[in-house]
């Protein structure tokens, strides 16, 4: 469709647009979404590379137009969401890369309420997720205690050793008395054993710890039993959680696929036959992709037993599927491994008033329910440089906080820790995991209306650059929230799963009082359960609050946000003894502010 007011027929343009070489202010007033997205995409490049374009936008009303686009709110339509994100990127580029006068114009264009609303929405969703995670953890802990009570009461009356024909009741006795060393027979005569025997067959390759293992040897009939007996699917999962694989896997010293040699086609194992390779991608032999000993291939009936290959003829086939991590993640969800998989998750119950200064993250692993999903990948990867690019692709590198303990709980060898040195920074969105279990029709589009991690990070970065000017501090301490950007109704839809019938009451933004102080919102992002990038920029903003106002004689303001007193003369207030940055008018203000100040109070040399 052609826009009547902005069409240029002589150059065959349906509307005026901005290109990488031409800036036209009229393009920002376009009413069609598609050409406006095209113009904003090019404007994002221009605001990054051209200082002149940034200066022009401050005098021709371009910044005000971009802020108006942001205040229209987020829509569930993908194109509208794209338009909002591009406009937000343009404003951030102008404020971060612009001069002092340009940054002042960004604040005067009423950008602070937009940032305050984004931060407030993010905090609300995080608190929702934390409350739900706490309730889930309490429910799981109470269920585990109720299961553990009868076991502990019956334990004294039980014999230490029980008959081999019993099922899983023999597990406590096996933990107390390890089985004796057993020899590996060349053949297994009984191919149809009971469930407990299936577990014994899988344990037969275990060699004594005193003699170092040299290879993974698995019998032909043991593999037949796995493929034919459907009960193995349950027995293997229960057993692999308890089995220390340091005695079942070969050493990783050899770099040529365990140092095993190729075999002839006539002497291949059944797992290496062509029938087992259908649909499996070929993978190179490497120490990080071994053929797992307990991988389930398929339920296909195998050929009769053949003579087992000699020790020199066994090899880790390149066509075997490397699904060790997938099996390990399944073990974490297995109900039978309740107390074994429990230490994987460490959820912090309180957010701000714990005095544990050495705590790394709120989540030390990955929870099964993914309720509290504010994951700090910077903690696990020990990031040395700041990278604002946040990708939402989830891979296995996000669970490398404690490789030895986590891999041991998942049934993986410690030598198989994923190599994340060259892996990209992975920051999963807290909203995608929070909404994942609420995928009803009424809430499918709710995710697009909420701020993402990169939106919060760019908001904090923009605030860090514009909040260092003391003459603009009143804009930050007396602001408001944008009604069309709030997510209160969307959060209610996530909890209820249905869309509310009554329409939303439209609030006039100009009638709202300026009673929102943005600094307390920013201070909440200094808590350690946020990512390190968020913590860094939030700390920069809070340190800007402690700057002295040179225009007023170099006096400072009390750092407690509920106080806000200014010094009457220089050095009237006392500084914090630890960081030597913040100043407080009294001990009461310092005690009240310490709840959050301790997160960004860093010792100065």
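Keep in mind that glycine also has a Cβ here, set from the backbone N, Cα and C atoms.
Copied over from Swiss-Prot:
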type	residues	note
BINDING	576, 579, 597, 601	Zn(2+) binding site
COMPBIAS	202-216	compositional bias 'Low complexity'
COMPBIAS	279-302	compositional bias 'Polar residues'
ZN_FING	560-601	zinc finger
Outside the zinc finger (560-601), six or more residues from its ends: residues with CB under 8 Å to it: 352-353, 477, 517, 519-520, 523-524, 526-528, 535, 538-539, 542-543, 546, 548-549, 552-554
Packing count at residue 576 (Zn(2+) binding site) (other Cβ atoms within 10 Å of its Cβ): 18
Of 579, 597 (the binding-site residues), the residue whose Cβ has the fewest other Cβ atoms within 10 Å: 579
Packing count at residue 601 (Zn(2+) binding site) (other Cβ atoms within 10 Å of its Cβ): 20
Reported mean pLDDT - the zinc finger (560-601): 90
Three-state secondary structure, residue 579 (Zn(2+) binding site) (per DSSP): coil
Additional residues surrounding Zn(2+), by Cβ distance to the 576, 579, 597, 601 centre under 8 Å: 578, 581, 582, 594, 598, 600, 602
Three-state secondary structure, which DSSP defines for residue 597 (Zn(2+) binding site): helix
